[in-house]
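Engineer: So TrEMBL lists these for the protein:
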- 1-27: region 'Disordered' (REGION)
- 40-76: region 'Disordered' (REGION)
- 62-73: compositional bias 'Polar residues' (COMPBIAS)
- 93-111: transmembrane segment (TRANSMEM)
- 131-153: transmembrane segment (TRANSMEM)
- 185-205: transmembrane segment (TRANSMEM)
- 256-277: transmembrane segment (TRANSMEM)
- 298-320: transmembrane segment (TRANSMEM)
- 340-362: transmembrane segment (TRANSMEM)
- 374-391: transmembrane segment (TRANSMEM)
- 397-417: transmembrane segment (TRANSMEM)
- 470-491: transmembrane segment (TRANSMEM)
Amino acid sequence: MADGRQPRSSATAGAENDPTVPYGDAGEKAEVGYALDALGSDSPVRKNGCRAPASGDGGPQRVTSQEVENTGDGSFDQGRADVTEYKVYKRRWFGLLQLTLLNIIVSWDWMTFAPVAQHAAAYYGVSESAVNWLSTGFLFAFVVVFPVTIYTLHLGPKPSIATSASLILVGNWVRFAGSHSRDGGIFGAVMFGQILTGLSQPFVLSAPTRYSDLWFTNGGRVAATALPSLANPFGAALGQLIVPFMVNGPADMSNAVLYVAIISSICALPSFFIPAAPPTPPSPSGTTPKASLRASIALLHSLEVWLLLVPFSIYVGLFNSTSSLLNQIMLPYGYTSDEAGIAGALLIVVGLVCSAVTSPILDRTKAFLSAIKTAVPVIGLCYLAFVWMPATRGLAGPYVVMSVLGAASFSLVPVVLEFLCELSHPFSPAVTSTVAWSGGQILGAVFILIGDALKADNEGADPPGNMRATLIFTAVVALAVVPLPLALGLFGRGEMLTMRRLRIDYDGRR
């Protein structure tokens, strides 16, 4: 056929009734059949949704590096060899490092103005609320391009990374063009540049699962997904820490934007030189062509996918809003900005350390479901406990809760993203990853607006300006979604949690 697909087998033609294809209507199931064709018409995967075919029935063959053709879109065409030589390449670390740097810098771009909102408002001649919209608009920009992100990532991680780098470069220098004056800047130009950098974020924040799927084996995918994914909040922490040192007054805004633009350019330029795909696949699952986007989007008909997507998006949104509003939450109770900053640092640093420990362990044990069912209740209870922490006016309570919340939240992120890939293989990781992050970003912006609206600004508030109502709202939302992931595998749906990609790798290497 013109698109390189093989003629459909009789077994494939019956995909409409195939129990391994639970997504979408009959037409969508027929499209899904093409992805399963790569596993062989008589493969046990068509019977139980998990076993890989033997090397004689159309599935992943034992191949040599000379007989694998890279199609250029992240999939591979394989030859007639019968000797296994799946291989990982050292060059994969170059691309992973670049993806990590972009996630750091794009998040730093987000936090260029928020830590110095008062000085930024004075410099640009606008209100602090307008400056806050530089951060909120950045988050909303994610949703605008998420369909384009899905398509670009489906082509492969490099096109997505290059697109993000281009937007980062243009956006940062547009921001500087609107800030290049000691007497005041052009706020409209700065907002436009900020939106461009916001548009760049989904292309790199959603890319880690696609990159790890293409370049890494099942023994390292969780860690490979964790590094660039968790670099995003690390970049925000750097912005919150470093930008205030750059800006001591309104006149310093222009130089601060210039320095960030230079750093961003240095980090973005290598993106255009990373390798697009490995010469040979790293594992048997790498030989399976990805399903079409139409078939992949049909994944959204799966109950299990939603039981993971909804809590993931809500917890990412709550994390973003809580970290953004932390100063305003704690200062009314007599805490200093430094003490609130330490609480925010503990939230991120402890989370990074914990994820660095748990990710390699989960790569070895594959206990994804147990990790999710452990972390989710802990996160819900932390948000509940934090309702009373600021009012204690002590440091121990807020610091302990923020540390535990960071540890549980950061450990959850790569596990959920990789578990979604395992459940949905051979469908494109671009769909589940992008939808999950899009939900988190849009909800983060919404929760920030709700939290600001719930602030106690009336004269009788004790203390004035407290955000207790915001904390109660956050706790209610966090606890409301706890039962969703706990229901995974119940009610006779345990077979829907089969890790397909892992089983293909296991059987393909036997």
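Keep in mind that glycine also has a Cβ here, set from the backbone N, Cα and C atoms.
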Engineer: Can you tell me which recorded stretch out of 131-153, 298-320, 340-362, 374-391 has the most Cβ pairs within less than 8 Å of the transmembrane segment (93-111)?
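Structural biologist: Of the candidates 131-153, 298-320, 340-362, 374-391, 131-153 scores highest.
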Engineer: Determine which residues of the chain contact the transmembrane segment (374-391) at the Cβ level, with the cut-off under 8 Å and only residues 6 or more beyond its ends counted.
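Structural biologist: For the transmembrane segment (374-391), the sequence-distant neighbours (Cβ-Cβ under 8 Å, at least 6 residues beyond its ends) are 311, 315, 318, 322, 329-330, 332-333, 335, 397-398, 401-402, 404-405, 408-409, 411-412, 415, 466, 468, 471-472, 474-475, 478-479, 481-482, 485-486.
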Engineer: Take a look at 185-205, 256-277, 298-320, 397-417 and tell me which one has the most Cβ pairs under 8 Å to the transmembrane segment (470-491).
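Structural biologist: Most Cβ pairs under 8 Å with the transmembrane segment (470-491) come from 298-320.
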Engineer: Any chance the transmembrane segment (298-320) and the transmembrane segment (185-205) are in contact, meaning at least three CB pairs closer than 8 A with a sequence separation of 6+?
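Structural biologist: Not in contact, no.
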Engineer: What else in the chain is close to the transmembrane segment (256-277), if you only count residues 6 or more beyond its ends and a Cβ gap under 8 Å?
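Structural biologist: Cβ under 8 Å, 6 or more out: 70, 72, 74, 91, 94-95, 98, 101-102, 104-105, 108-109, 112, 116, 156, 158, 161-162, 164-166, 168-169, 172-173, 175-176, 179-180, 190, 214, 243, 246-247.
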Engineer: Using a Cβ-Cβ cut-off of under 8 Å, list the residues of the same chain that are 6+ residues beyond the ends of the transmembrane segment (185-205) and lie near it.
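Structural biologist: Contacts of the transmembrane segment (185-205) (Cβ under 8 Å, skipping residues fewer than 6 from its ends): 99, 102-103, 106-107, 109-110, 112-113, 123-126, 130, 133-134, 137-142, 144-146, 149, 152-153, 160-161, 163-168, 170-179, 228-229, 232, 253-254, 257, 434, 437-438, 441.
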